[in-house]
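Shown next, in structure tokens, is the structure this report addresses.
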Amino acid sequence: MSASQPPSSANFEIDFADEQSTLEIDFDFLRECSTELLQAEGVAAAELSVAFVDHPRMHELNWQFLQHDETTDVLSFRLDEGPMTEEEPLEGQLIICAEMARDRASDFDWTAREELVLYLVHGLLHLVGYDDLTPEERDKMRTKEREHLARWGFSPQYAEDRQGNVPATSAQQSPADSLSDDSVDSSIKE
């Protein structure tokens with residue numbers, strides 16, 4: 001592959017789990033969004049799982065991994081360590097609260113689908129190394145979110161206190177432990 005050629009979408013394995021009944025989810029569109037974002041961010045290969053859950057399940061996971069006694073929009077888990085290469089793909093997991101996307105969308109004057117895509121973009125950016133711990137990092141991350149969302153015709157309207165922009169915390173477990181039989185160490189970001 002030459003430096004000017006983008007990586008093949010065949011290098012991206014993105015699995016979805018729908019554990020909610022709040023929203024009908026277009027997995028093909030979300031797979032396309034994920035692949036385009038990862039390619040634009042220079043990721044050569046990735047193995048990701050994305051689970052869509054409701055408020056009770058997200059509340060449970062947020063408590064289990066961050067000890068936050070509330071629901072949240074997205075949890076991001078980087079499951080691998082070291083640089084991302086074609087031989088060693090980015091491995092990660094996102095947990096997205098579809099019910100929150102439905103509930104919060106009207107607060108920001110757009111659809112639940114757009115809010116859900118924002119959560120996906122936010123989580124993916126955490127996986128590729130962006131953070132939102134400081135105002136400067138948050139500004140950089142929001143700029144990237146807007147850039148990627150514009151690819152699909154979306155334009156987010158942020159409130160200063162928008163939920164989901166809180167400091168990241170390390171965890172010793174992955175939600176993969178809860179959603180599958182695999183046990184791995186991970187880094188978690190919200």
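Cβ from N, Cα, C; glycine included.
Owing to the predicted nature of the structure, the values given are computational and were not obtained by experimental measurement.
The Zn(2+) binding site feature in TrEMBL is assigned to H122, H126, D132. Classification of H122 (Zn(2+) binding site) by DSSP places it within a helix.
Within its own chain, the compositional bias 'Basic and acidic residues' (140-150) has Cβ neighbours under 8 Å at 33, 36-37, 40, 114, 117-118, 121-122, 125, 130-132, 156, 158, counting only residues six or more beyond its boundaries. Annotated compositional bias 'Basic and acidic residues' per TrEMBL: 140-150, in sequence order.
Residues or ranges marked as region 'Disordered' by TrEMBL: 140-190.
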Helix, strand or coil at D132 (Zn(2+) binding site) [DSSP, three-state]: coil
Neighbour count (Cβ, 10 Å) for H122 (Zn(2+) binding site): 28
For the compositional bias 'Basic and acidic residues' (140-150), the number of residues DSSP places in helix, strand and coil: 11 helix, 0 strand, 0 coil
